[in-house]
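Note sheet for the following structure.
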C-alpha cells in the first residue's frame, strides 16, 4: 500500500544499483539522441533541406508589363459626383463578376479535380463554408462553381441588387458586396497561382493583369476586402497597381545645320 515501509535487503540494493546505473546510461543516450535531432531540425527539418519556394512566373517583368490598357486605374474607380455609392458598387461588382467568370472560363478545361485537388493560392488553401457554416474542403473547380453560383444568385435577386427605380438597397448590401469581392479575389489568386502558364499559352496574360489591377484598385478604394485577405498577392499588386509613370515630352527636333552626335553613327536599331 502507499505509505507502507518495506525494508530492502543487501541483494536487492545491489540489483537496484545495477538498474540505476543502466537506466542512467540509457537516459543519457536518449538525451544525446534527442539533442542531436533538435540541433538537426533547426537547419534541416526532419533531416531534410527545406523545400525551395516555388518561382512565381507571373512576377517576371516580361509578363507584368503586358496590359490591355495603359492609363491610371485610380481615376477609373473613383465615385462620380452624380452617382449614388451603392449604385456604383453594384454596377462595378456585377461587372467584375462577369469578367472574372469569363477569364476563368478560358482555362477551365485545365482546372480539374485531378490537377487542382484543392482551392489553392500561394501557401493558402481555401475552404468552402455552406449556409450553415459547415467547413468543406473541395477541389478548385468545385469551389469556383460554388462561388459563381452564389454570386450569380446574389446579383440577380432584386432584393439584393435592385434595378427598378425607387427600390432601396438592403441594409446588408455593404456586407454582401464585401463577401462577393472576397470570393472573387480567391478566384483571381488561383488563376495566377495555378493557371498562369495556361494563360500565357493563350496569350491572355494582358487581360488577366489588367483585370486584376482594376479589381485590386477598386476594392482598395472602397475597403471591400481586408488587407490580411489580399496580402498573399501583395508582391503582384504592388507591381500591377503602381501609378503609371508620366509620358515623357517629345524631344525637340534638331536643327538641319546641327552636327550629328558622335553616338548617332554607332546606334543600331533592332527589330
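Cβ from N, Cα, C; glycine included.
Counting every protein chain shown, 23 other Cβ atoms lie within 10 Å of the Cβ of residue 190 (Zn(2+) binding site). What TrEMBL records for 111, 116, 190, 195 is Zn(2+) binding site.
The compositional bias 'Low complexity' annotation in TrEMBL covers 254-264.
Annotated region 'Disordered' per TrEMBL: 247-271, in sequence order.
Cβ atoms within 8 Å of the centroid of the Cβ atoms of 111, 116, 190, 195 (the Zn(2+) site) belong to the same-chain residues 107, 110, 115, 140, 141, 144, 191, 193, 194, site residues excluded.
The candidate set comprises the binding-site residues 111, 195. Of these, 195 has the most other Cβ atoms within 10 Å.
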